[in-house]
Amino acid sequence: MKNTLKLPLLIGVAGGTSCGKSTIVERIIENLNANAKQSGRQIDIVHLSLHSFYRELSAEEKILAREGKFNFDHPDQINFDLLAETLQNMIDGKTVEIPKYDMITSSMNGTVTVEPAKVIIIEGILLLYDERVRKLLSTKLFVEKNAESRLRNRLATYIRDYHRAPLSIIRQYTEFVKPAFEEFCRPTKKYADVIIPRGADNHVATDLIAKNLQETFRKIVVSSDEEEEKENELVKQGSFRRPFSRPH
């Protein structure tokens, strides 16, 4: 985790396909919101997916994708330039347009406007692959789950949500997903601040991470409030002038 405490907090969650990243993010958000409510503070949280930063496929590639013959897990399929630019703009407090990715048609479908937030959580298999992105993250998490469980979860999800045939899912997993995980995803575990074993089954780790993030958020807010109080006091004394203020 970064030593410098400042908002927004940008949390990255990486790990293999269907290892429980989304479930873990949802639990972290739930815990953060619950803790914030108890302390009487409001916390704005944005949840993003690396899917939004897939590059646009050609017509031929979309056909291959529908047949389970396209490798989505290779780094070349991610627009890391756009991802790094978007995250930097969010850190700078700017409103951004996030592409909307349709998992069924393997295509982009417009954008969604995202306002500035105090906590930004983004998840994706190759999230820790690009150095520029890693440098922007306040906290980097890597979720581990055994290969058999990940394949079982992937089968259930892709059959239920994307209407994919089981044999197509298994073929794509064997030919592309598993080899790409070993070559590109697993090695990025070394960049993680925290490794979460057993995936979404690890409630203890999720709760501890949420508590740590909540405490970090509290310290930032308190520090910011104290700085503002000092600044206001100096302004009253006439020994401090806020940036860009005009002389009276």
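Using the three backbone atoms N, Cα and C, a Cβ is placed for every residue, glycine included.
In this structure, Thr23 (ATP binding site) is part of a helix by DSSP. Swiss-Prot lists Gly15, Gly16, Thr17, Ser18, Cys19, Gly20, Lys21, Ser22, Thr23, Asp201 with the feature ATP binding site, giving similarity to another entry as the kind of evidence.
The Cβ of Tyr101 (substrate binding site) lies under 8 Å from the Cβ of Ser49, His51, Ser52, Tyr54, Ser107, Met108, Asn109, each on the same chain and at least six residues away in sequence. Summarising the annotation, Swiss-Prot assigns substrate binding site to Asp73, Tyr101, Arg154, Arg164, Gln172 and lists similarity to another entry as the type of evidence.
Among the features that Swiss-Prot reports, region 'Disordered' is placed at 224-248.
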**Complete:** Simplified to three states, DSSP reports Gln172 (substrate binding site) as helix
**Asked** Counting distance between Cα atoms, which of the binding-site residues Asp73, Arg154, Arg164 is nearest Thr17 (ATP binding site)?
**Response** Arg154
**Message:** If you count CB neighbours within 10 Å, which one among the binding-site residues Thr17, Thr23, Gln172 has the smallest count?
**Reply:** Thr23
**Prompt:** CA-CA, which of the binding-site residues Gly15, Cys19, Lys21, Thr23 lies nearest Arg164 (substrate binding site)?
**Reply:** Cys19
